[in-house]
């Protein structure tokens, strides 16, 4: 195997321009000023019973120490909600921390309640924690499959396109039966990247009432929507989930902050074989002499179109991807080889790092060939460099496990010469983090569990946090602050209202600040600020590994930086669908209990409590209550 000599311009740009001018939703529809998708956000209704709740009120599960973890989880659901019908989602797995994750979907008359989920976490043959988001209201007596009391799915597609201004032409549409019950594929449309799909499902509306709907999936590039259209009145849209998440944050590459802080380096075989067993240039069946492999495929996309397999990418039979680049070069097409190479390097490095921290095949990561390690394959990340569909931004689409993710990186025109987002590792990391969190929260088969306002905010915050943690330098201390996006936006101070800092003078954000926010990126800044506090508490306790990969002892990272990242990632898999801050805090504390036996509980509590997410904190959509209290044993 030839060594890969990868000219990895560890150049980065902070993220100011990544935040949309003023504020814009993650949707291109909103940018057109046509539809505000935030008005259709799914409501968060799940309850989370953390490890302490389970210990204080043990569930009456007869299979506590016998049977498989799926049997134990199933028995818990049956005993918690007797008489409720449900199905096991086929995405259960055991995480690297030894906790098994099982997800359930409520059914009524054999029809899924699409936003009614129950997740159970099992450790050592016992229920560890669980989240309950099942519908608790009145069950319809009549089976809609018998009465056929619902509209034609074509009406639903046309209703969604009309109400949401989705640019798909439907005048020649027809339907073909899909794989499931009352599942269809829409034929004869134009304007979509793939054929729209429809499934008959129940949907719990924001008012708590149940409605029979058509879930209509439409991918038009900047938006990949799941729209819940009333099955009787196609003019009513009860909820919308967008698989696409825009970037508004920036973190820097491994080692360098941005092009002003260092030079590009030529790296040899930079992959981690424990995470990428086929290297970055093979899927186990084919060796690719280009920027393609098991984890991703990188190319330019100047037209902004949907195709990618036949797009340009650099070729090298010797796997020597060394191309010139400097910040003075212009136009961006003059250095597209370097741009594609940089994007391929950064995305693969993040894949390998998160794999070591628990985002494996079973957990729903992005790989073509899962090599019999569980999960669903055929889903590398499509990595589009210098994508012509936009400027001053980036986005990532996360469909369920088994379908490729899609990252689109744009050029930036806030400076002369223009800048290329691929050289800002933080942008790539933030985008890829959307794929990570959407696959882990709610399980790999459900990419709709960060669609509520507060959970969507945490989706943004996780990206900021991971980007910031990765950019820490050897001499940094808890007094070090970081902004986001200064280089990309060419604006001093970056794109966030405050820098990430443990100083409440520099950054005064606390839990109750969220009461004033109704945008996911603002909410995400509060969440990332809290995680930054936890990060430094654990670094002060365990030290900081400044290498590119963690070191482990008995499965636990030996330093505070990677330990925090591990707990945050493990916590994503524990929490319920569409969690709030309080539930996500509990899940991270539970993750520490599962991984270390709770050795870091007090440091974690102290970090959250400093920002008003202490033991007395209470969630409310507009009346969140803050608390600086910690458990008595931590005082």
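Every residue gets a Cβ built from N, Cα and C, even glycine.
Residue ranges 279-307, 308-336, 337-365 are listed, and Swiss-Prot annotates 279-307 among them as region 'Disordered'.
If you look at the region 'Disordered' (279-307), the same-chain residues 6 or more away from its ends with a CB under 8 A from one of its CBs are 1, 4, 193, 221, 269, 271, 273, 313-317, 319, 321, 333, 336, 339-341, 343-344, 347-348, 351, 366-369, 371, 380-390, 408.
Checked against residue 475 (N-linked glycosylation site), the recorded positions 274, 413, 430, 431, 434 differ in C-alpha distance, with 430 being the nearest. Note: the CA-CA distance between residue 431 (active site) and residue 413 (N-linked glycosylation site) rounds to 20 Å. Across the range of the region 'Disordered' (279-307), the DSSP-based residue counts are 0 helix, 9 strand, 20 coil. Classification of residue 434 (Zn(2+) binding site) by DSSP places it within a helix. For the glycosylation sites 274, 413, 475, counting C-beta atoms within 10 A of each C-beta gives the highest total at 413. Between the candidate binding-site residues, 430, 434, the densest Cβ environment within 10 Å is the one around 430. Taken residue by residue with DSSP, residue 413 (N-linked glycosylation site) is part of neither helix nor strand, so it is coil. Between the CA atoms of residue 434 (Zn(2+) binding site) and residue 274 (N-linked glycosylation site) there is a gap of 23 Å, rounded to the nearest whole number.
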